[in-house]
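S.K.: Can you keep this structure in mind? I'll have questions shortly.
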Amino acid sequence: MLRTVSCLASRSSSSLFFRFFRQFPRSYMSLTSSTAALRVPSRNLRRISSPSVAGRRLLLRRGLRIPSAAVRSVNGQFSRLSVRAVATQPAPLYPDVGQDEAEKLGFEKVSEEFISECKSKAILFKHKKTGCEVMSVSNEDENKVFGVVFRTPPKDSTGIPHILEHSVLCGSRKYPVKEPFVELLKGSLHTFLNAFTYPDRTCYPVASTNTKDFYNLVDVYLDAVFFPKCVDDAHTFQQEGWHYELNDPSEDISYKGVVFNEMKGVYSQPDNILGRIAQQALSPENTYGVDSGGDPKDIPNLTFEEFKEFHRQYYHPSNARIWFYGDDDPVHRLRVLSEYLDMFEASPSPNSSKIKFQKLFSEPVRLVEKYPAGRDGDLKKKHMLCVNWLLSEKPLDLQTQLALGFLDHLMLGTPASPLRKILLESGLGEALVSSGLSDELLQPQFGIGLKGVSEENVQKVEELIMDTLKKLAEEGFDNDAVEASMNTIEFSLRENNTGSFPRGLSLMLQSISKWIYDMDPFEPLKYTEPLKALKTRIAEEGSKAVFSPLIEKLILNNSHRVTIEMQPDPEKATQEEVEEKNILEKVKAAMTEEDLAELARATEELKLKQETPDPPEALRCVPSLNLGDIPKEPTYVPTEVGDINGVKVLRHDLFTNDIIYTEVVFDIGSLKHELLPLVPLFCQSLLEMGTKDLTFVQLNQLIGRKTGGISVYPLTSSVRGKDEPCSKIIVRGKSMAGRADDLFNLMNCLLQEVQFTDQQRFKQFVSQSRARMENRLRGSGHGIAAARMDAMLNIAGWMSEQMGGLSYLEFLHTLEKKVDEDWEGISSSLEEIRRSLLARNGCIVNMTADGKSLTNVEKSVAKFLDLLPENPSGGLVTWDGRLPLRNEAIVIPTQVNYVGKAGNIYSTGYELDGSAYVISKHISNTWLWDRVRVSGGAYGGFCDFDSHSGVFSYLSYRDPNLLKTLDIYDGTGDFLRGLDVDQETLTKAIIGTIGDVDSYQLPDAKGYSSLLRHLLGVTDEERQRKREEILTTSLKDFKDFAQAIDVVRDKGVAVAVASAEDIDAANNERSNFFEVKKAL
């Protein structure tokens, strides 16, 4: 398993310019699938090691790194305008849809435009019978996207839109199985398959590069949203929403439900609590004044009748917006839709679903709230303070939106941005909270604050925010900063890099941000002219004339301001549990013996239904591909291995729209063990400290003006068949091909000229890293548990955990004090890391671009390599560290748990076979999904097999259980031995696995994946062999694998991140099963 840890200030534009989830800073976003259930929290981690879908999915499951929440996304600020130009030809493969043809299918053509920014023809249709609007976007992008979006404003915080979003995918009229969604997860080539809930709308998007597969997905989703079984089946509502659980009348009653436990996890995270309070306080008079995701205190108030009525009212074509995008036949799109839409008559639902504007306050509001905190540390230093504004009571014009997004980036977008820099350098807090512009809802919001604030400094933070904004309005911005921001934006637009996220879905979400409010859906897709006008205005009038009035009018002189102070309360989590227990005791006391017996019977009935598999004949109704639709060979990336000045160079000749992508790889093998935990901070220091001639602000601006971004991070992985791990530092950069010389000069400047002399900045890095790790513990405890188990089972896991797990958090606590006591020693250690690692010997350069650019850039690479020093040190260090094998419980203040168990199956003599990937996926999507999520009530449960190390692990996420979940893990071998799958089920599992292996990748991701395979010794021949083994997986392979994974049951280690109460209960039930560590 690859593990990467990046520094906080990564300037990688893959993280900086496209982080889709940045569009939801305050919104609630629910993800329905088992893998997606793990994507939301993981967005707060720091980096992915591969941009691929499969790699992303696998890494997120292990809680590894994706772009930092502190790294600002330009797409966040420009979500309405910065649409990526799809690198396709505009000429469609199919003829246009004529007016007569549309009329025959029941549609009228409302408007039609060629969107040059995405080289696409976009046509807006209206279904004449229902009024449903359809946007049909045609181009040659093979990654086709479909989405249906409903306006779904809740009136309370019972979570009704969220529970419905989970439930409609649990069977429908044409697909009456328990969960057709899971069947699609098992056997589709989807590049995106999910659903999510905003505060005012619910989205159901899918994507695939295979046309047959794509329309299978479309049909299942259309049938699910319009004709779901859940409105007639209370069991689905109980399973996904909430229900009373009573296994025996003598036991206590408990609440169960997937959404209920998901939201318990959400309400255990201080940052999430703050975001919800801010949104609701800013808009108390409309739907944003409640929580669409659901407050755990309110969810049990929701009735099945209200649930059904909400679907009847809002899930109607008249209230829907439908999106198609890609290279498929536009006439076929309408043909498919007409079959569904023609079944309905027009509905008044668009009137009842309209969102009313919140009127601006006449005076500011101040709130003081509590959040659940641990007992460790000085609680008086754990306050949070955030100032929030609702910026307008009317929609902003396009020019103002663009300028506001630009302003947001100038103030907060990089570590050198003035508002961000001043707040973090003030010493008043540890990290930013609620930082920046949020414009995905009807009215834009702006919020900024700090956490880790001392009680006596709370007022000072508010004063500093206001004073800094006044100063920026009065003085304006540095010209270099404005130029750097503009280059950043323009590079982002040209690059069109959405990572593993489908481009068409990015466009859909931007279009829907206006369309859902009955505004022009084309407007968010057209940025060229507004951006050109803004550049012209800045050039003619100066940036101050553009931005200062915005600060003054929308922020400083705006009385619609809500200041929120969050106070730590070590009793809050316990109090909430006691309150819930008291409610349930009263419920039970009010029941008769007959009532209790009936509840126990109903509990058993629900569990029996949940654990009874669908019959094979029912499963056959869910459309799927066959093995004949699957390519027999993997996708090969063109790779030429050569050298420049004696250094190995990998070249990948791919079309990149005149952009050069490069990675320079250095070996960690010679580093002293004691310096390893300093490596992430070393990487951050390279990017965020100045040189002899340049301040870090000047250096940051230079990177923004000349390149598309530079990042530095460590990467570790086991290597199959070897004891020593692969451990590297990777420097990634990108620029226009014509600026490659600037890129390599700046990379050299960062590596060799940055000075480790700024004690106060380094102390900030440590505090920010500690705050970020503490946030990970609360929100992504499964990642912490996985890292901890890996550290017990293999060397690479230990190295990664030292740089990004609980051990790293403990190191940061110690380091915070040491910065004041021994800064000279720390500075010296950072220099020693540089001398040990950043050298020519063992260096590898990876480049991805078109052939001409690769040739032209060689001189720049040669010059860069010539400037690298030779490493005179004495060779590689032997890495042999591991944590002691033991069951461990990490205590945090939480209402839900994260439960893991792992073991090394190679220790049993198991030899890797491609069937292992098929079997692991099948276990996750059947046994663990049914038992841990559906029956157990956890938000997520899955297994993961790291073929490099041999570690097989189980993990659960936002789980109400602990020992019960471990028992489910231990039953997996018996589940496999008792399995009797038919050929159709087996084929589906194989196809789903190939979908992961053949994940859709953009050119930079292809080049990076090829580099990773090179580093790990994975050959194309091995990839072909594994593919053949996947395609020929048999039932016998499942039975044989059962014996291998029994080692996890018999000799595995368990790690839980959980509440003190649940850990105490587990240790009482199984005599000190866990060794306990307190983390927060």
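Placed from the backbone N, Cα and C atoms, the Cβ positions cover glycine too.
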S.K.: Name the residue, out of Glu245, Glu251, Glu262, Glu285, that Swiss-Prot lists for the same Zn(2+) site as His162, His166, please.
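M.R.: So the Zn(2+) site in Swiss-Prot includes His162, His166 plus, from the candidates Glu245, Glu251, Glu262, Glu285, Glu262.
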S.K.: Do you know which of Val86, Val258, Val664 is annotated N-acetylvaline by Swiss-Prot?
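M.R.: So the answer, going by Swiss-Prot, is Val86.
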S.K.: If you check Swiss-Prot, which stretch out of 571-612, 613-654, 697-738, 739-780 is marked coiled coil?
M.R.: 571-612
S.K.: What number of additional C-beta atoms lies within 10 angstroms of the C-beta atom of Glu165 (active site, proton acceptor)?
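M.R.: I count 27 other Cβ atoms within 10 Å of it.
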S.K.: Taking just the CA atoms, what is the gap between Glu165 (active site, proton acceptor) and Glu240 (active site) in Å?
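M.R.: Pair distance, Cα basis, whole Å: 9 Å.
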S.K.: Which ones in the same chain are close to Glu240 (active site), with CB under 8 Å and 6+ residues apart in sequence?
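M.R.: Same-chain residues close to Glu240 (active site) (Cβ under 8 Å, separated by 6 or more) are Ile163, His166, Ser167, Cys170, Cys230, Gly257, Val258, Val259.
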